[in-house]
Structure formats: structure tokens, C-alpha cells
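Colleague: Annotations for this protein, taken from TrEMBL, read as follows:
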- 84: ATP binding site (BINDING)
- 1-11: compositional bias 'Acidic residues' (COMPBIAS)
- 12-21: compositional bias 'Basic and acidic residues' (COMPBIAS)
- 339-349: compositional bias 'Acidic residues' (COMPBIAS)
- 55-318: domain 'Protein kinase' (DOMAIN)
- 1-21: region 'Disordered' (REGION)
- 319-349: region 'Disordered' (REGION)
């Protein structure tokens, strides 16, 4: 299958483990077998009907490249639900069933959207039902150049790291962490959940980047030196994406556009700072972050995947300050540096 972010994947051959251990490969294979069993059963139980035969549409909840999400109520019971519809013109039956079944498999965790065991096939679409999120997604809450309040950021970090740990415990890698895929169920981010599992794959699946990287793409996927057949995916990909997401929530900025030192000066600045450890090398976009936040992000954003901390590393940093106190001389200095960097960028344009 081909991912919407320019990624292609396949199954990892047993003779070429790459950086995976035998145990890690077994976990991935067990996850793949379990998903195949659920997929077979679900394919036989699809309900064939038009949406209006079973549900009343209330309002749209979201729109994407491959489909849309509607808030609907059951015509007989009145139960509110989210209905995700994927166009047959852009989605295969197998692709739909895969996403549906991953959601069913993972939905027992409080940080993952509950997928109901009802798959629907209409004349033009495939669809499935889940619990509705009436407060939208995380992207709508992030203020540019400000981010989220620190309390909300730490709540997100706690819940998302736990949800990702659950995904990894099932031998899977989520692969699509971004604010648009985090649904908000209570104000203040007191309850948030992961959604959209179309890119989730068993650990060890071979992955190669077929398009330009994005900020959440881990640097090992961008390396021209990895094997042409692809890199066996690991939970460390999700740890990197979590680090980038937390940076965005704390600052309202991306730390870089792509993790390629030859293409992105902000990423090169990050690597220089990481290598020297000197305060004078600290990149301007990191202004406002506390030493504790620097340490946390340093764990999650280690360019070396085998040295990168797991998503659960977040727990050791909760309850501590992740932002410099307002009005501190250090914060004023850092903000001044960031404003100078932005002025230089505007001048260069």
C-alpha cells in the first residue's frame, strides 16, 4: 500500500532483519496475523445499505483527501455517532477494512477513539462508525507562535504517550501522529484521543520514503544510505513524531520543515546545538522552553533511532515546568533572538 505522505511499505523478509531483533520481528508478525484474522471476519459482516437508510446526518465533523466524517444519529435509537465515509474512487476495499480493523483492535484504550464493530458499504463509499468528538481536533486549538497553555500540553503528552504505548504493546507502529489526528473530547485537553489508523503498520514492515519529508518524519527515513527495499519500522518513529508535536504545542512553531541538515538550516542548527551542548548554540525557535523541556525533547528527538527514548519517557518529565517563566530576563533574551531570526528570514525572501 502507498501512504498519503509519500511512503511505500511491504512485508519485512525474515532473512534481512535490519536493526530488528528476532523478538521484535516476532511481535510484528503476531500483530499482522491478528489483524488478518479480524479483517477476514469483518469483510464477511459488512452491512450493505445507503447511509440515509440507517442514519440521520446532523452535521459534518471533518473532511480529508480520501473521505469525510459526519455526525449522525441512528434512525431508530437516536444514538449519536461519528461516521467516516471513504470514497470507493480513492480507497480499496482492503484498505478500508485494514483501517477499520486496526481501530477495532486498538479501541480498548482510553486514549484511542472507540471504533464500533459496524462496517458499512454503500454504492459509492465504505464507512465505519466511532464515538463522536464534538470539540474538534488539536490543530484548531494551537495558536500560531504561541501554541497551547502548558497545562494542556502536559495533559496531551500524558494521554498521547500512553495511547502510543498501547499501540506499540500490540506490535504496531502508529506512523501518523499530528494535531489533525488528535481528537478533543473535553475542553482544556482534559480528554484527547488518537484517531485515523490508515498508516498504522506491524513492527518490522519495510518502509521507504517516496516523497518529500515533513517535520514529523524521522531522520532515519530520510537517509539515502538505508537499504533500497526499505527500513523496518520501529516505535522510535512515533517517539520522534511525539517530540515534534510537543514542540509545536509548546511554541506554536515547527522546529524545522524537514530533518535534513543539507536542506533545512533550522535542523542543522539543532544538530549543531545538540553536538556542542553550548547555550550560545541554542536555536532561536527554542526560545521560551525550560531546561526540563530541552531535556525531554532531547530524549525524543535523538537522531539515532536506537538511542531515542521511548514514548513513555514523557512520564518522567510531567509536573515540572516546560516553559520559562513570563518576564524572566532569559526568556526576554531568547524571544529577542527568535524575532531577529524571523526578521532575517523575511529579509531573505
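One is the number of the first residue shown, and numbering goes on along the chain from there.
The backbone N, Cα and C atoms fix where each Cβ goes, glycine too.
Those TrEMBL annotations? Automatic predictions, nothing curated.
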Colleague: Measure from the Cβ of residue 84 (ATP binding site) and count the other Cβ atoms within 10 Å, all protein chains considered.
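Modeller: Result for residue 84 (ATP binding site): 26 other Cβ atoms within 10 Å.
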Colleague: For the domain 'Protein kinase' (55-318), report the average pLDDT of the model, please.
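Modeller: Value for the domain 'Protein kinase' (55-318), mean pLDDT as a whole number: 94.
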